[in-house]
Amino acid sequence: TSETNNSIVTEFIFLGLSDSQELQIFLFVLFFVFYGGIVFGNLLIVITVVSDSHLHSPMYFLLANLSVIDLSLSSVTAPKMITDFFSQRKAISFKGCLVQIFLLHFFGGSEMVILIAMGFDRYVAICRPLHYTTIMCGNACVGIMAVAWGIGFLHSVSQLAFAIHLPFCGPNEVDSFHCDLPRVIKLACTDTYKLDIMVIANSGVFTVCSFVLLIISYTIILMTIQRRPSDRSSKALSTLTAHITVVLLFFGPCVFIYAWPFPIKSLDKFLAVFYSVITPLLNPIIYTLRNKDMKTAIRRLSNRLGTFTYIA
């Protein structure tokens, strides 16, 4: 029995993605490969940015931090989801569930701030190029990261405050593969209508406001690019396309999960898989394929590693 919230529930049981044994084997192989790609792709970006002096700029500093957060966000849920495919009883302790909720919102909130910072970086670079080095200086980048982690922490603490004192007195089956606040609070032995409203007011408003701010920023940037000669705007447009794609991939599922007042269980489960596994896998691919500087830097890194191997 947890003394913290006066409940008799000491663990939660995940219903997972499927009851079919054959489908679970297929999903295990699929998500094992996906998670391997997430680890490899995001670590490749971090190592490339850190090791290549040509990428020591604000945009790539933010990109490397985005990769760290993508890898961390996926690692909160993906490893347990993968191992649970072979578990008859997909259980997580009450404290483990709270930790998942905390980390999901910590990394998710931080990622939203970093995506806003990346949008601001592109805005300054394209719309205020003469002031770029002054505005996006080293101290500013470090400050942005401190704000991102700080907001992520405050956001996750506020989410945890909703759940930690709820009374859980019986139902403990979570119809998902991980713990998240909208699903867990529905198991509480109390009226959760007000809590649902508070979750929408907290996570939902935070998500929607961030998304709207980014859409306005990228619209202004696109309008600025259209007024430029085509030869000067092509590289900026290519980079911007990658940024917009990543924003849509991340915010799309989050808006439906946290801000949509009429949740659909099957759709929520798919969207949870999407933002915790698919998006962290696609981000490195998008930024690598759409960015010539990154592709060139990866080739240089590969050549250096090949040289070191030959010497060894």
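Each Cβ is built from the backbone N, Cα and C atoms, and glycine gets one as well.
Fair warning: this is a prediction, and the values are worked out from it, not measured in the lab.
Within its own chain, the transmembrane segment (25-47) has Cβ neighbours under 8 Å at 17-18, 63-64, 67-68, 70-71, 74, 78-79, 81-82, 85-86, 277-278, 280-281, 283-285, 287-288, 294, 298, 301, counting only residues six or more beyond its boundaries. Residues or ranges marked as transmembrane segment in TrEMBL: 25-47 (among others).
As annotated by TrEMBL, domain 'G-protein coupled receptors family 1 profile' applies to 41-287.
Beyond the ends of the transmembrane segment (59-78), by six or more residues, the same chain brings 31, 34-35, 38-39, 41-43, 45-46, 49-50, 100, 103-104, 107-108, 110-111, 114-115, 117-118, 121-122, 125, 141, 144-145, 148, 177-178, 239, 272, 276-277, 279-281, 283-284, 287, 294 to within a C-beta distance below 8 angstroms of the stretch. The annotation transmembrane segment is assigned in TrEMBL to 59-78 (among others).
Annotation comment: TrEMBL describes 98-120 (among others) as transmembrane segment. Taking Cβ pairs closer than 8 Å, the transmembrane segment (98-120) reaches residues 59, 62-63, 65-66, 69-70, 72-73, 76-77, 92, 144-145, 147-149, 151-157, 159-160, 163-164, 178-181, 184, 203, 206-207, 210, 213-214, 217-218, 221, 243, 246-247, 250-251, 254 in its own chain, all 6 or more past its ends.
Per TrEMBL, the feature transmembrane segment maps to 132-152 (among others).
What TrEMBL records for 204-225 (among others) is transmembrane segment.
Counting residues 6+ beyond its ends, the transmembrane segment (237-260) has Cβ neighbours under 8 Å at 59, 108, 111-112, 115, 118-119, 122, 126, 180, 182, 199-200, 203-205, 207-208, 210-211, 214, 218, 221-222, 225, 267-268, 271-272, 274-275, 278-279, 282-283, 286-287, 290-292 in the same chain. The transmembrane segment annotation in TrEMBL covers 237-260 (among others).
Feature annotation from TrEMBL assigns transmembrane segment to 272-290 (among others).
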For the transmembrane segment (132-152), sequence-distant contacts whose Cβ falls under 8 Å of one of its Cβ atoms, 6 or more beyond its ends: 58, 61-62, 65, 105-111, 113-114, 117, 121, 124-125
